[in-house]
Structures are given as structure tokens and as C-alpha cells.
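This report refers to the structure that appears directly beneath it.
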Amino acid sequence: MSKKVALITGAGQGIGKSIALQLSADGFEVALTGRHLDKMQAVADEINGNGGHAIAIQSDVQSKAEVDQAVAATVAKLGQLNVYVNNAGIAVVDPVAETTEAEMRRLLDINVMGALFGIQAAAKQFKKQGTPGKIINASSIAGHEGFPMLGGYSATKFAIRGLTQAAAKELAKDHITVNAYCPGIVLTPMWDEIDDKLTTLENKPKGSALKDAVDGIALGRGEEPKDVSNLVSFLASDKADYITGQAILVDGGIKYV
């Protein structure tokens, strides 16, 4: 098997951690980036302890310079880059009418600008190498339908679908594919935060917002990070070579498109 290297942003917990573990199991050497180096290093140590090869890099996707530096550090330490996963993201729970400028700018800076910087840095490196590459972005069911109390977040995830489609069209000639994964109600710290804010705003018992959301899933359970990383594993593999520009739902049956 030829060497494969993947970089995953926001890889210290939740979906990002699951993606890192899965891609390592798939035979990738992995670079884990995020703002909290201790979290990245803990995941890297777990991977290395299981016989994989992982490095941790402190990097904030809000900074183009830091994104570029993370790619450069990955190539310097691991020799190349083959897959870039734009996983880092945040959610803000507020009515549209009450979403502050600061909240919206932070959502845009992390969820959209961070992904844009990642696409740019990865594409530049793939072209420099003269090799095919894969860019995989994080969208959401909220990128297919705007959700109440998550208007700003929904807007950023719709934006990811647009970026994914445009970049896929532009980069196809360079044998670079660009796709997105669209999770549903994933049982991670992010959804704990969403539940906490929703139940507080609506004066409901803690956990009830998450329960109501999970009750609406056709397959009858909340989504695990592994459900998402299984899709990313496929998109990062040779089996997905003829797929580009797609935003694929992995939600257990919430949205049907």
C-alpha cells in the first residue's frame, strides 16, 4: 500500500477525533490540528499507541497563516498531503433576531472562512505535489434546511455546500475532488451545548431538546461520531474517486433529498 497522509482540523474530540482514529485505521498517517494542543496530542498519543502514526499541530482555522503553516508542518513531518478534512466548526444557539454581530462573525470565521482557507491550502499543496487530492468539508442537515434557533449556524452550513460545489468544479481539472458530509443529531459535546441553550431558552428540562430531536430520527437512535467517520472514510478512499461536488447526508433518516 502506498503512503497516504490526511490532515483533520478540529480533531481533539467528537467527530474530528473519530475521523482521525478511523483514517489511521484505514492506513493513513494523520496530522491533527486545533486550538487546544493538549487535546490534539492526547488523540495523537492514542493513535501512536495503537501502532499508527499521528502528529499534533496547534492551529486556529480562523487564521489563514496558521492554516497554511499547518499544511506546511504536515508535509515537513509526514512528507506529503493526500486528504484534507475541514472538520472544525462551532454552533451558536439564538433566535435570528437576537444573533449578535460578534456571534455571526465568529460562526463565519470558523465555519466558513476556516473551510475556505483549508480548501486553498490543500489545493495549493496538491498542485505543488502534482498529485490527486481529496478535500472533505463539514456541512450538516442544517445545510439542507434552516433550523429554528440555529439560523446563523444553518447559514454557514449552506455556505459550505456552495463552496464545496464551486471548488469541485474549479479543481476537477487538477484531479482534486471536493465533497462534504452532512451529519444529523450527533451525540457529541456540541449537541450537549445546543441542548443546554435550547432548553434554557424554552424553559424545558435539560436533555429534552436532544431527546425530541433523536425521537424524530427514522432509524431510532442518536448518531454516533463513528457513523460520520465511516462516511468520511469512504470519501477519503479510492472508492470515492469518481464522486465530487456532493454534500452527503448521514443522519439516520431526518432529511430526504
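In case you wondered, yes, glycine gets a Cβ from its N, Cα and C as well.
Automatic prediction, not curation, is the source of TrEMBL annotations.
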Original post:
Which of these, Asn87, Asn230, does TrEMBL say binds NAD(+) at the same site as Gln13, Gly14, Ile15, Asp60, Val61, Tyr153, Lys157, Pro183, Gly184, Ile185, Val186, Leu187, Thr188?
Top reply: Asn87
Original post:
Among Gln13, Gly14, Ile15, Asp60, Val61, Asn87, Tyr153, Lys157, Pro183, Gly184, Ile185, Val186, Leu187, Thr188, recorded NAD(+) binders, what is the largest CA to CA distance in Å?
Top reply: 25
**OP:** Other Cβ atoms within 10 Å is the metric here; tell me which of the binding-site residues Val61, Ile185 scores highest.
**Re:** Val61
Subject >> Which of Ile15, Leu187, all binding-site residues, has a Cβ with the fewest other Cβ atoms inside 10 Å >> reply: Leu187
Original post:
Residues with Cβ closer than 8 Å to the Cβ of Pro183 (NAD(+) binding site), same chain and 6+ apart in sequence?
Top reply: Ile15, Ala138, Ser140, Ile141, Glu223, Asp227, Val228, Val250, Asp251
Original post:
Taking the Cβ of Gln13 (NAD(+) binding site) as centre, how many other Cβ atoms lie within 10 Å?
Top reply: 18
